[in-house]
Amino acid sequence: MSSTKRQKNRVLVKLKKRKVRKDKIEKWAELALSALGLNNVELSVYITDDQEIRELNKTYRKKDKPTDVLSFPMGEEFGGYKILGDVVISQDTAERQARELGHSLEEEVKRLIVHGIVHLLGYDHEKGGEEEKKFRELENYVLSKLSKAL
């Protein structure tokens, strides 16, 4: 009889911009993955600037402008983990949005991490209709779980 060893999720964080602490980003991502019932997954989160995310947005989405968050799904297995993918966040855009929405940069980065993870799971709010509804419901569910856990 074989048993599957349950592993913790692995979150890798790279910071080009450093206004939000790495340990907080790791914790938020780990809590989000847990709220979604995901196990043995690896997620990368990269905090960058408008210039770099604009280049990524232009290359991968053919949109020559900065955006708040991009998600790059992987789905491969490596070292006992399913590599969920990469979430890339522009701290510059996150700062502007936080000011516009009247909350902290940390709150906005937390929201964007969750938003990016929901995209990695295959949901797409840009399709509108029922797909957008499912996306928003899942995003709000995870954000409420994070609020209760923090």
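Here the Cβ of each residue, glycine as well, is placed from N, Cα and C on the backbone.
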Since Swiss-Prot lists HIS115, HIS119 for Zn(2+), which candidate among HIS103, HIS125 does it give for that site as well? HIS125
Between HIS115, HIS119, HIS125, which of the binding-site residues has its C-beta surrounded by the fewest other C-beta atoms within 10 Å? HIS125
